[in-house]
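Visitor: Next up is a structure, given as structure tokens.
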């Protein structure tokens, strides 16, 4: 019987999940993972719903509940996901659940089996990723309760960036803070890792070269990659740094925080809420965190929010190209990167100095390659697959344990 793995990406009021089956390629020479189902459990107001699509994108299951439920969202949702899986795929041998965990701190540079000791350490990282880590942990606890006999594997967004040289990890603070773990971690590592894997399949020469990847979504960051390894990232100690995001401010003069504390008398909790939940595109536009709504809006504030978003991407692109001492390829991924032709066009405008010439018709069609044939630097649009990477890591870790 083929092994199956469930992947979970838990947020505050949602759980993205997927069921993968391991099999052999048509040639029978290598193992491959096939997505059997991809779903979303979410809570909107008092309504709790689960929607599932098959690997081809067709909806195969949907259920909604509006009555009051006393059970915590994550625990109740995972029990319902388990019940659906047992009904829809009764013969699937689920050997593990793989979890996206945003922050792994200094201790974890590779996936690990979740133990009580691991969970204890992850709790200490909540202040570094308050929008994600508490809910990642809640997802793990809910999965443990729902599936007590299934291995739980934590896969970290920070792990891919542990190849950074010291100079790209350190802050100009007294050295003791670095030794205590105050350093640049970088995030979206599972996404970047998948992009490297996919690039090796479709453009191996570029994958072995100097690549800048822009993961642009509600969370946004950029990464410089050389020979498939992370060299530098726009994010730092927390997932707040770097590019402006849907509701997060991105790069900010630390003096602004001191001003808010000293002059505005704002508490740490108030500043946290401001920087994580009320800033970014939402704060600048006064309208929405959603790029689609901003592109459709005709207000000056919405256009200025987009302009600032593009400006920061262009500035980061130039800096990362300098870190790499040149650039062979650019990759756009994430919800905005994959779908907003306007953002991509504005980011690449005037980038001939790094060898980019845009094919406007290909860009408008969201083609896989959007640079012209004359472009020295190749530009790709590649849908990312964090769930697939989690599944691969999870099964690989089980294989390592079995071989030990």
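Along the chain as shown, the residues are counted starting at 1.
Here the Cβ of each residue, glycine as well, is placed from N, Cα and C on the backbone.
Reproduced below are the annotations present in Swiss-Prot:
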- 9, 386: Mg(2+) binding site (BINDING)
- 16, 215, 216, 217, 218, 219, 290, 291, 292, 335, 336, 337, 338, 339: ATP binding site (BINDING)
- 100: substrate binding site (BINDING)
- 157: active site, proton donor/acceptor (ACT_SITE)
- 188: site 'Transition state stabilizer' (SITE)
- 248: site 'Transition state stabilizer' (SITE)
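If you look at the structure here, what lies around each of the features I listed?
Guide: In sequence order, 15, 16, 17, 99, 100, 139, 386, 387, 390 make up the list of same-chain residues 6 or more apart from residue 9 (Mg(2+) binding site) whose Cβ falls under 8 Å from its Cβ. Classification of residue 9 (Mg(2+) binding site) by DSSP places it within a strand.
The number of other Cβ atoms within 10 Å of the Cβ belonging to residue 218 (ATP binding site), over all protein chains shown, comes to 18. The DSSP secondary structure for residue 218 (ATP binding site) is coil.
There are 28 other Cβ atoms within 10 Å of the Cβ belonging to residue 157 (active site, proton donor/acceptor).
Around the Cβ of residue 188 (site 'Transition state stabilizer'), a 10 Å sphere holds 29 further Cβ atoms from the protein chains shown.
Other Cβ atoms within 10 Å of the Cβ of residue 248 (site 'Transition state stabilizer') number 27 in total over all chains.
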Visitor: What recorded positions among 188, 216, 248 are found with a C-alpha within 10 angstroms of that of residue 157 (active site, proton donor/acceptor)?
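Guide: Those close enough are 188.
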Visitor: Helix, strand or coil: which one is residue 386 (Mg(2+) binding site) in, per DSSP?
Guide: helix
Visitor: Relative to the Cβ position of residue 386 (Mg(2+) binding site), how many further Cβ atoms are located within 10 Å?
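Guide: Within a 10 Å radius of the Cβ of residue 386 (Mg(2+) binding site) lie 23 other Cβ atoms.
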Visitor: How many other Cβ atoms are found within 10 Å of the Cβ atom of residue 336 (ATP binding site), counting all protein chains shown?
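Guide: The answer is 26 other Cβ atoms.
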Visitor: Taking the Cα atoms as reference points, how far is residue 292 (ATP binding site) from residue 248 (site 'Transition state stabilizer') in Å?
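Guide: If we compare the Cα positions of residue 292 (ATP binding site) and residue 248 (site 'Transition state stabilizer'), the gap is 17 Å.
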Visitor: Need one number for the ATP-binding residues 16, 215, 216, 217, 218, 219, 290, 291, 292, 335, 336, 337, 338, 339: the maximum pairwise CA distance in Å, whole number please.
Guide: 21
